[in-house]
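Novice: One structure, as structure tokens, below. Some questions next.
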Amino acid sequence: MKVLSALCVLLVSVATAKQQLSELQYRNAFTNWMIAHQRHYSSEEFNGRFNIFKANMDYINEWNTKGSETVLGLNVFADITNEEYRATYLGTPFDASSLEMTPSEKVFGGVQANSVDWRAKGAVTPIKNQGECGGCWSFSATGATEGAQYIANGDSDLTSVSEQQLIDCSGSYGNNGCEGGLMTLAFEYIINNGGIDTESSYPFTANTEKCKYNPSNIGAELSSYVNVTSGSESDLAAKVTQGPTSVAIDASQPSFQFYSSGIYNEPACSSTQLDHGVLAVGFGSGSSGSQSQSAGSQSQSSNNNWSESSQSQDSNSWSQSSQSQSSQDSNSWSQSSQSQGSNSFTGAGTGSGSGSVSGSGSASGSSSFSGSSNGGNSNSGDYPTDGNYWIVKNSWGLDWGINGYILMSKDKDNQCGIATMASIPQAIPKSKWN
């Protein structure tokens with residue numbers, strides 16, 4: 001399983017856009033990908049998914065030969081179209097062009113740093129996974145709340161708080177549970193509610209349920225939040241210097257769908273049509289960005305296992321979903337593998353995955369690929385970068401992007417709208433709780 005996972009990424013790294021792959025090469029790559037992701041198809045569905053996989057593989061190969069700082073790979077989304085990806089994993093784009101981001105009364109002080117990484121400071125909890133619930137907004141809000149509480153406590157006592165409480169209990173503020181919501185509305189709920197429970201006491205279920213808030217299990221209390229000046233990356237940097245900050249982005253492009261490593265640079269992104277809530281935990285610049293997982297974040301020895309499947313239908317802003325199974329892997333770029341089966345189509349392997357393209361059957365085929373990668377997927381998490389970047393925490397599990405993170409372009413005209421609708425909360429020190 002580990003070999004097969006690295007294999008798929010290797011193949012797209014060594015192929016060139018001008019190389020015409022044979023049908024057998026496509027088929028072998030697809031077979032290996034199916035095994036790595038435990039994909040199962042009916043015989044009727046196989047050909048359709050195979051053709052989509054080939055088109056996506058061609059897109060990835062062509063992109064990776066352009067010399068972009070963004071590296072793409074055959075991840076969990078390799079057998080679905082971009083239309084399916086957007087309909088299933090992202091919400092209806094929220095038009096933020098006329099949105100009035102009114103700051104709350106509290107204003108933070110401080111000076112903007114040249115670079116910051118709140119993971120290294122211990123203010124970021126491990127990567128989480130929203131599963132089949134369109135609750136990215138709640139994960140973004142809890143991430144910012146967790147960081148704010150840690151900082152308010154004097155850089156101590158990092159506590160994971162409950163996304164499920166926000167999903168179940170903040171409906172009266174305008175949020176729609178697993179159907180979507182806004183981070184600012186989540187902050188308002190936490191402030192007025194007098195706190196939010198710990199994740200351990202109110203665990204995530206990936207469904208909208210009856211509110212079960214218990215004030216005896218509070219893990220964080222907020223006093224206020226501040227909105228970033230819409231569109232201002234310099235103001236966003238000033239806020240991120242103060243702590244992890246909730247941001248909304250356009251994640252609809254195929255390049256985001258297949259993101260693997262490097263700085264994400266996509267001029268086609270919209271700065272106003274936003275469909276995904278994430279967390280900015282830092283920023284940096286230079287020719288070599290070291291993004292190793294340090295204290296406050298969950299480490300993993302591989303960035304490209306991509307063992308993940310999901311299914312959801314969301315229709316509101318900031319809603320999208322996915323489900324992943326995290327695993328540890330080794331990044332060897334010279335691997336070979338063989339898969340065997342008979343009569344029908346499957347990716348045989350341990351465990352199981354259910355999703356929008358699941359079915360049944362088995363597959364046969366064998367392949368052996370070897371080569372070297374210059375895409376920058378090293379075990380230490382060091383990725384070639386060229387320019388300024390935001391360090392962004394996603395909620396699609398460890399098997400997406402760089403151990404669950406993405407480096408997004410910074411100071412490129414608010415690319416993907418990262419500064420259009422951003423906000424940061426301020427917490428009450430635990431010593432001052434009632």
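Glycine residues also receive a Cβ, built from the backbone N, Cα and C atoms like all the rest.
Sharing the features that Swiss-Prot gives for it:
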- Cys136: active site (ACT_SITE)
- His276: active site (ACT_SITE)
- Asn394: active site (ACT_SITE)
- 288-347: compositional bias 'Low complexity' (COMPBIAS)
- 348-358: compositional bias 'Gly residues' (COMPBIAS)
- 359-381: compositional bias 'Low complexity' (COMPBIAS)
- Cys133-Cys178: disulfide bond (DISULFID)
- Cys169-Cys211: disulfide bond (DISULFID)
- Cys269-Cys416: disulfide bond (DISULFID)
- Asn227: N-linked glycosylation site (CARBOHYD)
- Asn305: N-linked glycosylation site (CARBOHYD)
- 285-384: region 'Disordered' (REGION)
- 1-19: signal peptide (SIGNAL)
Novice: What three-state class does DSSP give Cys133 (disulfide bond)?
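Specialist: Reduced to three states, the DSSP call for Cys133 (disulfide bond) is coil.
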Novice: Which secondary structure state does DSSP assign to Cys178 (disulfide bond), in the simple three-class scheme?
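Specialist: Its secondary structure by DSSP: helix.
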Novice: Would you pick out, from the recorded positions Asn227, Asn394, the residue whose Cβ has the largest number of other Cβ atoms within 10 Å?
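Specialist: Ranked by Cβ atoms within 10 Å, first place goes to Asn394.
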Novice: I need the CA-to-CA distance for Cys136 (active site) versus Cys211 (disulfide bond), whole Å please.
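Specialist: Roughly 19 Å, rounded to the nearest whole number.
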Novice: In whole Å, how far is Asn394 (active site) from Asn227 (N-linked glycosylation site) when you measure between their Cα atoms?
Specialist: 20
Novice: Return the single residue from the disulfide-bonded residues list (Cys169, Cys211, Cys416) that has the minimum number of other CB atoms within 10 Å.
Specialist: Cys211
Novice: Going by DSSP, give the three-state secondary structure for Cys416 (disulfide bond).
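Specialist: DSSP assigns Cys416 (disulfide bond) to helix.
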Novice: Any idea what the Cα distance is from Cys169 (disulfide bond) over to Cys178 (disulfide bond), rounded to a whole Å?
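Specialist: Spelling it out, the Cα of Cys169 (disulfide bond) and the Cα of Cys178 (disulfide bond) are 12 Å apart.
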Novice: Radius 10 Å, atoms counted are CB only; among the recorded positions Cys133, Cys136, Cys178, Cys269, which position scores highest?
Specialist: Cys136
Novice: State the three-class DSSP label for Cys269 (disulfide bond), counting H, G and I as helix, E and B as strand, and everything else as coil.
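Specialist: Coil, per DSSP.
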Novice: Tell me the coarse DSSP state (helix, strand, coil) of His276 (active site).
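Specialist: In three-state terms, His276 (active site) counts as strand.
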